[in-house]
Amino acid sequence: MKIHFVGIGGIGMSALALHEFFSGNEVYGSNIEETERTTYLKKLKIPVFIPHSEENWFDPDVLVKTPAVHEDNPEIIRARKENVPVENRLSYFKVILKRENREEFAVTGTDGKTTTTAMIAHVLKELNRSPTAFLGGIMDSLEHGNYESGKGPVVYELDESEETFSEFSPNYLIITNARGDHLENYANSISRYRAAFERISRNSDLVITFAEDELTSHLGNVTFGVRKGMYTLEMRSASRSGQRAIIEKNRKRYAELKLRIPGFHNILNALAVTALFDSLGYDLEEVLKALERFPGVRRRFSISYHDPENNIYVVDDYAHTPEEIKNLLQTAKEVFENEKVVVIFQPHRYSRLEREDGNFARALQLADEVIVTEVYDAFEEKRPNVSGKIIWDSLMNLGKEAKFVDDLSRLNSVIVPRDNTVFLFVGAGDIIHYSKKFVETLQSSTNSPSRVSGSKR
């Protein structure tokens, strides 16, 4: 079969393309711009065309499109004209899962999907279960970063931004939380949003939920939480080299959980995974050993640069909701106790910024300094009076030192390199490109007297 992927450079779409390619199908696709994934696909000899054009056409049997691609896309128009079936990403993914007909592990929810899914895939690999994994991020221990083909269970994350996620039927499901992100895709109805989680829960044999989540805690056969739930945490300690916590099961001391990666939110992600595998009867000791070796996911508190002489760090993180940003900054303050934390934040989607109102500023005020850029639109139409400046205004009202940069080409001239400082580049858009440019600046001026000397807090 010949499959045309429109938006093939996205992290989710590229995983589907890789699966179909390694399943023996003829695969090609297009993207609006080059990405790390388009470069990788080309190395595998998968044809990728930049940008979209009606000439990117080789008589496919089906066209698969990302939700970011609209009906006015020239390739969609041509497919309609030539009566080629057009499938959305999730609807086509259901076709794949039906064809594979295997045991399924899935993760959905607002925060922590990618890391939790990666943990499940990692544990199954370590336990020689040979999973096929579809990941919404890059984990270096997966053969293709966001995808690996195996003969065992299928592991995937389900993006709740599309209401059709509720039509899936995984055997085992973790719902990390549900905070109403993407509510605009549910006609701004919280009851409709809640109903989608209820539907997918009914479709699953085992559901693990966060006991402290208002919308979904009641849906779980098994629950986890800080103080509430079947699986809880008794105490936790953390350092730069990792963290550990005592797990209680039904209020009794049960096991010790160790992780290399930082962040209390990651202990909760790992607790959910532990609850899942323990409930399924896996060897708990082997599961915990595997989690201790979990390498993490790129752009999840990824240190991309460290100058030990001047004590400067650059950290990249995909956080793009207020809760994720709060978790990120709490982690940064825990890991970097003596350094100043400067956040460079790129808001993602006008709809999210408008809906969350002052929540971003309240999360960002945990930083010592904040630089806010203009919104990364993610193919949304610009909305009147919705701008990154909203966050800057709120931060200033909170008395937080902040700057607003409306032109990203000026960003690196605004960031002042200084000693004893952690620079956090945060967002789900293209902020990573500017992080790389900043690292290049630091590397070229390591011994420059222009660097500002900052005192440790």
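Glycine is treated like the rest: Cβ placed from N, Cα and C.
These come from Swiss-Prot:
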- G109, T110, D111, G112, K113, T114, T115: ATP binding site (BINDING)
T115 (ATP binding site) has how many other Cβ neighbours within 10 Å of its own Cβ?
28
Suppose we draw a 10 Å sphere around the Cβ of G109 (ATP binding site). How many other Cβ atoms does it contain, all chains included?
25
Apart from G109, T110, D111, G112, K113, T114, T115, which residues in this chain have a Cβ no more than 8 Å from the mean position of the Cβ atoms of those residues at the ATP site?
V107, T116, E157, T176, N177, N269, E324
Take the Cβ of K113 (ATP binding site) and count every other Cβ within 10 Å, whichever protein chain it belongs to.
25
Relative to the Cβ position of T114 (ATP binding site), how many further Cβ atoms are located within 10 Å?
23
For D111 (ATP binding site), write down the residues of its own chain that are at least 6 apart in sequence and whose Cβ falls under 8 Å from its Cβ; none is a fine answer.
T176, N177, R179, H265, T321, E323, E324, N327
Taking every protein chain shown into account, which of the binding-site residues T110, G112 has the largest tally of Cβ atoms within 10 Å of its Cβ?
G112
